């Protein structure tokens, strides 16, 4: 069929149907969402959990959610801006930070359900493929599915860093190694050591060393926060190892204390009935006293 020009006449506008709001805004891929949300009909009211990963300019958001008619219900959430608490003060949007955020989400969720001692996950970071399996006589492994949204799911995307962190943390998420850094599409082989380097921030450390030698000014400009926090390339691996251990030790979210706000009143408050009656009585008494004084004089 050749090119057909759309004739925008009365019939076109009369029959025009707008797309969903979040599709118009370019926020939701409804083709993917439909498949992620719909549960098997023989599972009745069992929720189908999704691991949602979104990368913004300054943060990485990881959530476990399930869909309801009223809207999505968030079961648990973890953010990259929480990582300074665990010792990672810089590079909060790189691959290593995505891994830490995914790990934090998994440990926090399992801790909430009392399964953190049953499913420890992979404590030693190898970068190799690892899958969580249910243990006999214990609650089954928590299963969810990756929701990458509209992110381009290319090999090495940070979304898969968060996925790997969650899997190593003890969640059962179906995946393969094809999208992890270290996978070669030509030879169809996966190099786990390359992946481990990314998890430990060694790709960033190598670039820091390269810039230090080649262009000092560019290094100072690009890694100003690293310099400010005294983070050197040699410290990176140890920093992330300590962060992983700290996350496993205490993944619980601590609520910030609510600020007490003293309300200022800009107008006079309304008087009660008793106050109004008292005011009238005072005015009457004052008026009568004035009348008496006038009569005496």
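Using N, Cα and C of the backbone, Cβ positions are placed for all residues, glycine too.
Fair warning: this is a prediction, and the values are worked out from it, not measured in the lab.
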**OP:** From the list 134, 172, 185, pick out the residue that Swiss-Prot labels phosphoserine.
**Re:** 185
Original post:
Where does Swiss-Prot put SUMO1 cross-link, among 178, 220, 255?
Top reply: 220
**OP:** Match it up for me: which of 73-117, 253-297 does Swiss-Prot list as region 'Disordered'?
**Re:** 253-297
**OP:** Pull out the modified residues from the set 5, 48, 185, 220, 232 whose C-alpha sits within 10 Å of the C-alpha of residue 272 (phosphoserine).
**Re:** none
Subject >> Residues that sit under 8 angstroms from residue 220 (N6-acetyllysine) by C-beta distance, when 6+ apart in the chain >> reply: 227
**OP:** Let me know the most crowded of the modified residues, choosing from 232, 272 and counting other Cβ atoms within 10 Å.
**Re:** 232
**OP:** Let me know how many other Cβ atoms fall within 10 Å of the Cβ of residue 5 (N6-acetyllysine).
**Re:** 5
Subject >> Surrounding CB atoms that lie within 10 Å of the CB of residue 2 (N-acetylglycine), all protein chains >> reply: 3
